[in-house]
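Peer 1: Sequence annotations record features per position, and here TrEMBL assigns transmembrane segment to C:6-29, C:41-64, C:79-99, C:106-125, C:131-149, C:180-202, C:222-254, C:266-286, C:292-313.
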């Protein structure tokens, strides 16, 4: 419990830092001091606070979504960007943008999550054709499936001159977040809370279908609930800020290394550390090339793949 | 003659072969036996330069295996490991033809082709010669690899558990064939074997290893004795004489 | 058996390749020939070099790693090359890039590339990593890492200089960097000369390390040389058109299928011809008939990804 409080404090410090980092002059002085200006307060309310909130919400829910996927596939290396989920969501957004551009964002997100659900189901379907479930073949197939889906997406986007917008969904970027344009992420937060209340079921499902049935739980129902949560969360994040690669992979892995796989216990940690990691990466992205910004998709790509490599090579003996 | 002097191999803390010195006589079958993890295969790999040694030296007919060019050694000594999986799609004849590579560098002559057919016949693979390796059973594939090694026509033939995957009939055929190669062609064969009775019936010389060291060696009638086997395997093994051969019985 | 099928297959592929080259040079040509011929000729030459480089590098890479699913680009080779390009611009600036001229830069990049990939992949392929799946996954993630790192460095470069780099990062058979043609040709020629002398070892190396050593091949040396050759070829193709992840996988596996053999004297020419046919004919059809421009690389990615999944599944069934 003490640890959790410390983690929450760390998150709060990072969040405060995030609020005060940026090109516009926002500081205690400009907000409350002598030279207080309405402009700084405006900037704070319209841009900085929404941005920080968006980061925290997206970070939490993506990390938890990754954790759920790992439980359900019983594989440590699966998350929305290694299972075709995120790529399917972008295909969905592209489709709805082409066919019915006037629909509200919320409906677009729903369409995207239907695609994400279908893509993930396809992934699970292919996995059933793998008789011996080698741990590593699963993410390999997922990454390739994602590649195939995004090739289709790129082709369509290219045909209809939408490559520019496609790029926006493919690389996560919080710089465009303003009040009124991130609120969908509260939905993914709500779903994270739902996941927490159902945590025990996911833990049980993580031990396998037979085990779950033996305990009197409906395995299929747990699986469906998990997939719906993951798809909705992924779609909401991709629609509002774009893909954040590897987040759902590394955070749960690190947490599980330290405290095992009881989801009730580890989920708060995953959520807090997910948010903290994204915040840290976003702050770094804003500072490295000040006043320009490096999008979160890029910084997370570097940090995430480096950590992923570490996880793979560290476990070399056990896996090989 | 193969002379092994003070050879050591370790993986981190674990010493697999510990300061082994041994000389294996030319002409004849030498079997290396011992419990799992005794270092038999590792020793064989080092003798055949598949694996570098940490310390020590191996000489084959006066050639140091660590410094002699690979293609010179390949005409003197051949080695077959136990797990042979090949990703290329090859027929049995293709594979056996590779045995001539040290001589012809990929351009087999008429004479080479003669050797190939001879080796195929020696192993009784005529009917399978044009089948692809991935269409064969484990035992048939094993025989194809042995044919390749024989086709290499080296004085020294090293085989790591050649009876793996073979049924009883083919195991006996294989041992008889190796015996014939020794008696008729004057080869030197070194085997790692798990079955002490095959070692007893067909070897001229047996080397027993345990925990990375050579613990016993000698002719079959010296080695295959209850007290010696007890020392090697830590198991009570009765020894009976059947038709002039010493057979160990350890099933009950 | 295999031999009797190999010759007609190679002849047929050769004819198709020539036909697609002729078609590429002539179809839809309007205007003066003395303008069209050199323009299309340079493009065709570049495509031939790329096809040759990708086909040969993939087949050889699969030979030394003893499997038919890994390729240099899946293992992140071309991503590494892109990263090196970025690092060069990052530290010396685009201005330097222009002064030194593309040829000098290309040479420098190849040298750095050979050194780095030598270190990294010698380590990865040293056989310590017993599981092929682990090796693949590590390679893919290394690729992602290199790509993200170059993405990050591009962002840190002055946004104006960034533009000079950006167009190099997407595979396009339409904007081939023809200024490198001569040097690329020389590099490919040199690689071929060295490879020619090793030709007879390729079949033996495909039998795996232990069998190759038993048959007298200086395994470590051969692997090192081939890895260097592969690296140079990857640099050539990446410098000319950018990264094309799955093209090699497609043509190499097609070549194994249509020839039904593993002999490099058959597989290598078949893979080269198939690559030429796919690239030249594919580009011609898409560009002249459908007027798609960058679509070829996307289609290759699509088909290649599916092939990869199928290969993975089939392997694990066996």
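Even glycines carry a Cβ here, placed using N, Cα and C.
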Peer 1: Please work out whether the transmembrane segment (C:180-202) lies in contact with the transmembrane segment (C:292-313), by counting C-beta pairs under 8 angstroms that are 6 or more apart in sequence and asking whether there are at least 3.
Peer 2: no
Peer 1: Name the range, of those listed as C:6-29, C:41-64, C:106-125, C:292-313, that has the largest tally of Cβ pairs under 8 Å with the transmembrane segment (C:266-286).
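Peer 2: Maximum Cβ contact count belongs to C:6-29.
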Peer 1: With Cβ distances under 8 Å as the criterion, find the stretch in C:41-64, C:106-125, C:131-149, C:292-313 that has the most pairs with the transmembrane segment (C:222-254).
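Peer 2: Counting Cβ pairs under 8 Å, the winner is C:41-64.
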Peer 1: Going along the chain, which residues at least six beyond the ends of the transmembrane segment (C:106-125) come within the CB cut-off of under 8 Å?
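Peer 2: For the transmembrane segment (C:106-125), the far contacts come to 64-65, 75, 77, 80-81, 84-85, 88, 100, 135, 138-139, 142, 180, 183-184, 187, 223-224, 227-228, 231-232, 234-235, 239.
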Peer 1: Mind checking which residues reach the transmembrane segment (C:131-149)? Cβ under 8 Å, same chain, six or more beyond either end.
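Peer 2: Contacts of the transmembrane segment (C:131-149) (Cβ under 8 Å, skipping residues fewer than 6 from its ends): 65, 67, 69-70, 73-76, 79-80, 82-83, 120, 124-125.
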Peer 1: Give the nonlocal contacts of the transmembrane segment (C:41-64) in its own chain as ranges (CB under 8 Å, at least six residues past its ends).
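Peer 2: Hits for the transmembrane segment (C:41-64): 21, 24-25, 70-72, 75, 125, 173, 176-178, 181, 184-185, 188, 191-192, 195, 202, 205-206, 222-223, 226-227, 229-230, 233-234, 236-237, 240-241, 244, 247-249, 251-252, 255, 264, 267-268, 271-272, 274-276, 278-280, 283.
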